[in-house]
């Protein structure tokens with residue numbers, strides 16, 4: 001597998017991982033949110049349920065207390081006909097009671113329903129004695145209804161029989177309840193009514209908020225006017241089971257959101273990983289490097305100048321060809337930032353040489369966008385003055401194709417030369433400049449494109465172009481730099497020309513670091 005294929009495979013794998021992780025996270029988050037709302041809804045149901053039961057409990061307690069107080073206040077002889085009649089009136093006005101009677105020490109004497117018992121009925125010891133002296137008897141056989149049992153509350157010389165249907169309306173499975181009296185001093189709970197399948201625990205009752213324990217959701221609440229409390233509950237399985245469709249919908253929505261979100265992430269990642277954006281970041285972070293290729297006099301081999309060449313590796317640390325990223329920068333409109341970066345790097349790395357070696361210069365490529373930027377030349381001069389670098393030490397190369405905006409280019413070249421810069425026409429022969437136009441541009445140096453250099457010594461039909469370009473340069477009194485010299489035969493041919501020819505190419509030196517160029521200049 002080639003490096004490019006490995007990179008593509010790695011990117012695909014990373015994208016798939018991002019897609020999967022985001023979808024799982026959003027689906028999981030959607031399920032958690034669904035769980036939260038379902039539990040909150042169930043807790044709200046328990047709170048409402050508990051509130052309704054406590055409200056009923058308070059009504060029942062008020063009815064019991066009022067009836068017992070009225071019965072105990074009777075002035076009629078106990079169990080006399082007027083007394084029994086009085087008890088019947090009390091019972092008639094009681095919505096939650098089935099009977100009102102007289103009782104002493106566990107002996108039942110008479111009631112509104114049963115009348116006078118002969119003999120009296122013994123009902124035994126109370127199951128619960130409350131803090132305020134009420135005696136409560138559970139599951140007591142009722143003489144007034146054969147085979148029936150009921151709950152009796154006794155206080156003083158009176159008792160009442162509670163209706164077994166007082167809390168019947170609250171029998172709403174899967175909701176369950178346990179109600180009773182809490183002794184806060186003794187920390188005990190006396191259960192008085194319940195339909196729950198499991199005993200109530202005091203810590204759950206007193207928590208006063210929803211709790212999950214052993215797979216059950218609980219909510220405890222107490223009356224604000226009585227020591228009566230209730231614990232409501234629902235099993236978690238009874239919460240989840242009917243809400244399975246909701247969970248499925250939540251998971252589906254979460255997955256859809258994950259697909260959209262991950263798609264956005266991948267789109268942004270792809271866009272962010274595009275060459276233009278990578279290049280913008282690299283320029284902004286100054287991660288482009290500069291190398292220097294020496295320019296020599298062909299006849300003597302002396303190094304007289306160097307060209308600064310910008311290099312860039314993408315985010316995968318792979319080199320990108322200059323013609324590719326320079327074209328991107330020109331198309332995207334930030335080529336000027338690259339030109340400035342290169343100039344800044346050159347004047348930092350070689351400032352000492354440019355100050356101490358008159359006649360030696362480093363040429364930097366610029367574009368037509370630089371020349372049409374009104375701030376370019378002033379910024380360049382400010383940079384050179386700040387770093388104490390002479391303008392003569394910086395040459396500026398302009399491609400022949402970049403000279404289309406004639407008037408602006410001519411004026412910019414005039415200004416650059418006035419400041420002391422040497423101006424080159426780079427890649428000469430690849431454009432369409434005429435002899436007259438070249439004379440108008442008023443440049444200093446022609447750089448012959450390497451495509452023509454390669455024809456020297458061959459039988460190519462374009463081999464005769466090089467002598468014509470050299471003749472044109474001589475006619476315009478321009479210096480000549482021939483690019484792409486790689487063979488000694490090419491150098492030998494050029495050294496025989498009746499003109500001072502400068503050469504640039506691998507035969508004389510490959511692009512190298514500023515330090516390597518400095519060492520070579522010292523050796524000369």
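Cβ coordinates are placed from backbone N, Cα and C, and glycine is handled just like the others.
Quick caveat, the model's predicted, so the values are computed rather than measured.
Annotated range for transmembrane segment in TrEMBL, selecting from 169-192, 193-216, 217-240, 289-312: 289-312.
From the options 246-268, 315-337, 338-360, 361-383, the stretch TrEMBL describes as transmembrane segment is 246-268. Confidence over the domain 'EAL' (272-524), given as mean pLDDT on the 0 to 100 scale, stands at 88. Beyond its flanks by at least six residues, the transmembrane segment (12-38) meets 239-240, 243, 246-247, 250-251, 253-255, 257-259, 261-263, 265-266, 269 of its own chain at Cβ-Cβ distances under 8 Å.
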